[in-house]
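Read through the structure below, which is laid out as structure tokens, and then see the notes.
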């Protein structure tokens, strides 16, 4: 009981140190700087928003929201970018551009972890989705966790393994369904779903939860495993509730998408129906779940550092970010 009480105090203290006004004095234009850079990225690459939110997801799911996903290989660093869950992840140069713009105005002040959290929010907002209050004060890790990146939620997973991975981070079934709704925009490579076309799970038949007409469309689109296909075949570049109506029509792209609606007796079915009923309902829950995810085990106070270059840790004894509160 004493240990549980201590852990509760520790988690609560970390959560409390994240605030929405953390940079009000030290980098007051931060939201505008990041939004401008996100809009610029989306204008040249419509997939930029989806790339940025994926980075935030994958960051928080491996040792907490600490910017560790951005670290490249270096002495003592086995990059998470090499992990199975990050194969093919893109957009590091977009993060670089955002961080450079922030550093130009507020040098050594804003962490890469906070840049990812704010960039994810701005990406959703710019492409028609909800806005929410981003809490700040995360600091950047000086370590990476390649093993953790190998164990990220997989596009091939069924519902129970997905739920267990979310539950391990304090996220429930509602969070799982709401956060999966980010697949309303972006693309996926065919290698991650072409196994549904035939001999699904060794049955000799296509995945029965994949609409036959949609399957044929996907087969025609998939020139090879590297071909990228829209997650949402209806409004692929807009953040809306169509992800859920697609699931209801057996037009979820990945196995990990469709199992939310097609697993018999699952509690997620009702959640899909609810979030798919009204866009406002989805947007409200997405906000709550994003804030919740963004507060998974942050480094705060004097933990970690404020990385100058998001791709590598600061050199000890050299220039480093400073405390802002």
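Placement of Cβ uses the backbone N, Cα and C atoms for every residue, glycine included.
According to TrEMBL, the protein has these features:
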ACT_SITE  58  active site, proton acceptor
BINDING   59, 62, 64, 66, 68, 80  Ca(2+) 1 binding site
BINDING   153  substrate binding site
BINDING   183  heme b binding site
DISULFID  27-106  disulfide bond
DISULFID  60-65  disulfide bond
DISULFID  112-310  disulfide bond
DISULFID  190-222  disulfide bond
DOMAIN    17-314  domain 'Plant heme peroxidase family profile'
SIGNAL    1-16  signal peptide
SITE      54  site 'Transition state stabilizer'
Residue pair residue 106 (disulfide bond), residue 66 (Ca(2+) 1 binding site) - Cα distance, angstrom, rounded: 19
In sequence order, the binding-site residues (66, 68, 80, 153, 183) whose C-alpha falls within 10 A of residue 60 (disulfide bond): 66, 68
PLDDT averaged over every residue in the domain 'Plant heme peroxidase family profile' (17-314): 97
Rounded distance in angstrom between the Cα atoms of the residue listed as 'heme b binding site' and residue 54 (site 'Transition state stabilizer'): 10
Residues within 8 Å of the 59, 62, 64, 66, 68, 80 Cβ centre (excluding the Ca(2+) 1 site residues themselves): 58, 60, 61, 63, 65, 67, 69, 113, 141, 144, 145, 148
Nearest-integer angstrom distance between the alpha carbons (Cα) of residue 190 (disulfide bond) and residue 153 (substrate binding site): 17
Of 27, 65, 112 (the disulfide-bonded residues), the residue whose Cβ has the fewest other Cβ atoms within 10 Å: 27
Neighbouring C-beta atoms (10 Å sphere around the C-beta of residue 66 (Ca(2+) 1 binding site)): 29
Rounded distance in angstrom between the Cα atoms of residue 27 (disulfide bond) and the residue listed as 'active site, proton acceptor': 26
Inter-residue Cα distance where the pair is residue 153 (substrate binding site) and residue 59 (Ca(2+) 1 binding site), in Å: 12
Shortest C-alpha distance to residue 222 (disulfide bond) - which of the recorded positions 58, 62, 66, 80: 58
In sequence order, the recorded positions (58, 62, 64, 68, 153) whose C-alpha falls within 10 A of residue 112 (disulfide bond): 68
Residue 222 (disulfide bond): tally of other CB atoms within 10 A of its CB: 18
